[in-house]
Amino acid sequence: MTLPLLIEQMLNGLQSGVMLFLIASGLTLVLGIMNFVNLAHGSFYMIGAFTAVSLQLWTGSFVVAAVGACVCAAVAGLAVEYVCARRLYARSHLDQVLVTFGLIYLFNESMRLIFGPQPLASPIPPLLNGSVTLLPGLQYPLFRLTVIGVGLVVAAGMSFVVMRTRLGMLIRAGASDRGMIAVLGVNITWLYSLVFAFGAALAALAGLMSGPLYSVNVGMGENILIMALVVIVVGGIGSLKGAFYAAIVIGLIDTLGRLFLPSAIATIAIYIFMAGVLFVRPQGLFAASAPPQVEARDNGNRVTILWSLSKSRQRVTASVVGLCMIALALVPTLSAWLDDPFLLRLFLRIVIFALMVLSLDLVAGFGGLVSFGHAAFVGTGAYAVAILGWHLDHGEPLALGPIVLAGTHDALVAWPLAIASAAAMALAIGAIALRTSGLYFIMSTLAFAQMLFYLASTPSIYGGEDGLQISQRSTLPFIDLGNRPTLYYLALGLLALCLLLCWRLVNSRFGMIVQACRQNERRVRALGVRTYLYKLLLFVISGVIAGVAGVLLANAELLVSPADLSWTRSGSILIMAIFGGLGTLFGSVVGAGTYLMLEFSLSEWTQHWQIVFGPMLIVFVLLARRGLFGLVLGRGGST
Amino acid sequence: MTTTILEATGLIKRFGGLTATDDVTLAIRELTCHALIGPNGAGKTTLLSQLSGELRPTAGRIHFEGRDVTSADLGGRARLGILRSFQITSVCDDYSVFDNVVVAAQIREGHGFRFWQAPRGVRALADTTRSVLERTGLADFGDVPAGVLSHGQRRQLELAIALAMQPRVLLLDEPMAGMGPAEAERMIELLGSLRAEYTIVLVEHDMDAVFNLADTVSVLVGGRLVASGTPQEIRSNASVREAYLGHEQEDVA
Amino acid sequence: MMESLLRLEAVQASYGQSRILFDVSLTVGPGEMVGLLGRNGMGKTTTVRAVTGQLPTLGGDIIFKGRSIRSTPSHLLGRMGIGLVPEGRRIFPNLTVRENLVAAAANRSGRPDPWTLERVLALFPRLGERLGNWGSQLSGGEQQMLAVGRALMINPDLLILDEATEGLAPIVRDVIWSALRQLKSEGLSILVIDRNLRQMMEVGDRHHIIEKGRTVWSGPSQAFLSEPSLKGRYLSV
C-alpha cells in the first residue's frame, strides 16, 4: 500500500461521503421536521440522474442538464408532497412507508417505460474530463474532485442557510417545536413544501453527478437510499450536522473497508458500524434536541383481533377460515384436473408467502414492532437448506468453528438447523434493534436485512449475486417431496399448524402481555414486567416461523438468491400483511393470496405491472385502513 | 395510630440547576389517604414519581415497610405492591376492559412466559377480574374496548388495573383531572370506598376531593414541604394560604 | 360599552375524551389588561390554547377583531395579531437568543412604530448580553424574557401570557411585571394568567375566574378586592 493510493482511496471515500450527504440531508430534514419517512427519496436521485443524462444528450450542455435535473426533481418533490405526503403527516410511519414504497414502484416503472430497461451511460462533461496531479504519483480524476467540491460547497451553503438565514431559523425552530412556529404566524404548510422540494433537488444533484461515475439505471435510488438511511440512523434523525459527519465517516468506512478488509466483511462494514452506534447510542450520534414524537402512532392499521369479535362473528370468521383452508386443500386436485401445473406453483407460493406474512404479523400486528427486514429471516432459513445441500453435493465438509458438518439433504437434520439459524438471526438482530423504537426500529431492521443481502451478494462458493442452485428437494422418510402436490400439502399443513399455534400464542399469557406492550408499553412496565425480554422472544418466535417459510421456499424454488433477502421482498411481505390486515393472523393468507394473484394477473396484462400496482397501493393505504380481511369481516369493535 | 408503610427521608431531586424536590421527609401511614397539594410546578408529580420508582432521587432514602426500596425501579416497586396511576390516562386501548384487568391480574401471578392457555379462561383470574370490575363500577363494561370508554370510565379502569395487582399502596396522580362534576363525584365515592383497604397517596387539584378523602394533607411549594396535617389544620394554616395565593398575601389580605 | 378586541362566548373544548372547558366566556377590550384567575387544572391554559388555535373548540364562539376565529388555524391567528407567551415558555433551544427573536418577526399590521430587536433589548437589557447564546443556555428568567420578546416581535395587537412568572425568582418576576406595565401604558391589550394576585390587581383592569371549566366570576380589580370570599372559594385551598 503506497501513500498516494491511500490518499486516492480516502478521496474516493470523501467523494462517496458527500454524495451520501446530499441524499441524507434532504431525508433527515423531512424526517426531523415533518416526521415523515420518505422511502421514495431515492427516486429523486434516480429522476435527477435520468433527466440529466437525457438533457445532456439532447442539449449537449452539462449545465442545462444539471439545472434541468434539479428543477425536475424539485417539481416531482412538490407533487409528491402535495398529493401524498401531506395526507400522511398525521398518520403512522407504517402508512408512510407503504405509500412511499408504492411511489418507488411508480417512479421506477415510469423510468423503465420512458428510458427502457438498459442502463444509460452518462458522458463526463468535456470540461471536467481528465485528471489532476495532486501529488507526485497521485493523479486524481477532475470530475471526482469536482463532485467533492460541489458536495462540500453545498454542505457549506446548507449550513449557511440553516444557521444564518431566517428560513434556516424557521427550519430549525420547526424541528424543535412545530406548534410554536405556527403560533408565531408562520405557515408551516408552506415551509414543509419548500423543505420537501429542496430535499428532492439535492437528491437530484447527487443523482446527476453520479451519472458519469456509476451507471444510470432503474433501481439506483434504492441502494443509495438504504445507505442514506444508515447515515441518518447513525447521525441522529433531524440533525444536519449528524448527517454530514455520519455520511463522511460511512463513505470512508465503505471505501477503505473494501481496500483493507476481506470482501465479505467489507460489504457489510457500514452496517456493523451502525449496529455498534445503535448499541451505544440508540438515538444516533447527534440526535436533534427532542426526538420526534414517534410512539403511539404506529397502531393505525389494526383491526379487531379474532377472539375479541362477538360470538356470532367468531363463528363467521371460523367458517371463512375453514372454507379457505378446504379450498386451498383442493388446489392440487383442481390443478391436475385442469391440467394447469402453474396453478399449483402459484398456490404453493401463496402458502409459503402466507407463512412469511404470518411471521411478520406476529411481530408487527401483535407486538407493534414494524420489522422492515423480515425477508432476512426467511432468506437465512432458505440459504441454510441450500448451503447444507451444496456441501453434501460437493463433498466439502462445512466447518462452523469446532463443529464440522458433512452437509445434508435430509430434512430431519437440515430443517431444524435452518429454522434454528433463522431464529438465531432474529435473536441477534432483535437484541440490537429492540433497543430502539419507532422509526429507528423500522430503519435498523431494514439496514440489518440489507447487511445480509450484501453478504449473500458477495462472490463466494455460494454463488454470490447469481444465487445458489439446490440439486434436489429435501428428503423425508416415507414422504417424497419431489412430488409437488406432496410438498404443497406439507406446506399447507405447516401453515395450518403455525396458524393454530400463533392463535394460541397471541391469546396466551405471553401473547396478552406482548399485545399490551404494543398498546401501552409504559403501562406494562409500570406493572413490573420486563418488556424487552417479551419483545425479544416474540421476535425470535417470529424468526422461527420465517425460518419454516424459508425452508419451504428453498424446496419449492430449488434456488436461493440474494433477492430472497432483499428489502423489496421485505416490503412486499409488509404490503401483504397490510392487505390482509395486521393483527388478524389469518389475514396473512388473504394478503399473500391477494398480492400474488394481483401481481400475476397484472403481469399477464402488462410487463410494467408495477406502474399500476404502485398507485393501487397508495390509494389502498390512503383509503382503506383495516385490511381486506377486516373489510370482509365488517366493522369490528374498536374504532 | 396506625403504622407507617411508606416513608421518604431527606428526599432531594435535582434536574440540572433546578431543585424539584428539596429535602422532603414524609411518612405515609398504613390504610390512610394522604393528599399532596401545592401550586403548579411545586414538585408534586416529581415526588410521586420518586415514590413510585420512576425517578431516582438525587439524595435521600425511601422505605417501604421498613425495607429500603430507594434503588428499586418502577417495575420492582410494582412487584412489591406500590402501584401508580398516571396523570394522563394510561390503559390499553385495543383491549376490552376485561382484558385490561385480566392482564394485570396475570402479571400479579408471576411471569408471562406461558404460551398456550388463554388467561381469560383461567377461573381464578377471571374471578379476580370480575370482582375488581364490580368494585370499580365497570362490571357492565367488560366487553367494551377501552378506547371507546368515556374519560371518567378510563380513569376508573386505570384504577381497576392497579387494584388487580392487589397493591399495598396506590399512588394516584390527579385521578379527577378532566372529569365533569358527575364523574368526579363518582370517583370521589369510589376512592372513599377504597380507603379502608388500601393506603392511598393522592395528588389532586380538586379541593373538594382532597378535603373529602384525605386523612392527612401535605403541602408542597417549590419542592419543599411547607406543611403537613389534618385537612382542618391545613385549611387554617397561614403559610399554606400564602403558598396558594401568592407571595404578597399581606398586601391584599 | 366599547367594542371588545377578543370575546369568548360560552366556549367548550376537550382533549380527546377529556372535557376541560364547559362554558368559558370572557372579553378583552382595546388597551385593557385582563386577568384569568383560578386554581390549577381548572381550564385557564386550555382556554388560551383554544384562543390561539392549538385546540379545536366544540361549542361557543371566539371573536377577535370582530371576526369569528373558532376554526382559524394557528398561523393565521398569529398574523391577525395574537401574540402568545406560552406556558413553559417553549423557546427554541436550538436557536440563539437573537434568532429566537428575529426568526418569525413581522409587522403585518404595518404599525408605525414596530417592535424591533433594539426595542426588545431596551425592554429587557439582560437579553442584550445573551444575544449569541443558545436558547437552551438561558436561565429560567432569561427564557421568560425571551418568550415575551419573541411574542412582541410579531407586533401583536393582543398579547397573551400564560403563567409568565411561574417559578421565577422574585426579582426576575418584578422585571417581567414592570415590562407588562410598560406595554400596557403603550396601549397594548393583554390577557394574563398569573398567580401573583397583588400585581394582577394593581396592573390589571378586569378579571375572570375560571372554575372547573366555567367562567364563574367576572369583574374589575376593585370588585375582586372588595369580595374577599372569592379568594377563599376559588383560589385558596
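These residue numbers are counts, starting from 1, taken along the chain as shown.
Note: Cβ is positioned from N, Cα and C throughout, glycine not excepted.
TrEMBL annotations: computationally assigned, not manually curated.
Given the ranges A:142-163, A:186-207, the record in TrEMBL names A:142-163 as transmembrane segment.
For the transmembrane segment (A:439-456), the most Cβ-contacting stretch among A:142-163, A:224-253, A:343-363, A:532-553 is A:224-253 (pairs under 8 Å). Residues 328, 331-332, 334-335, 369, 371, 374-375, 377-378, 484-485, 487-488, 491-492, 494-495, 498-499, 502, 505-506, 538-539, 541-543, 545-546, 548-549, 552-553, 556, 573-574, 576-577, 580, 582-585, 587-589, 591-593, 595-597, 600 of the same chain, all 6+ positions outside the transmembrane segment (A:343-363), place their C-beta atoms under 8 angstroms from a C-beta of that stretch. Remote same-chain partners of the transmembrane segment (A:259-280), defined as residues 6 or more beyond its termini with a Cβ less than 8 Å from a stretch Cβ, comprise 1, 9, 227, 230, 233-234, 249-250, 253, 432-433, 435-436, 440, 444, 447-448, 450-451, 454-455, 457-460.
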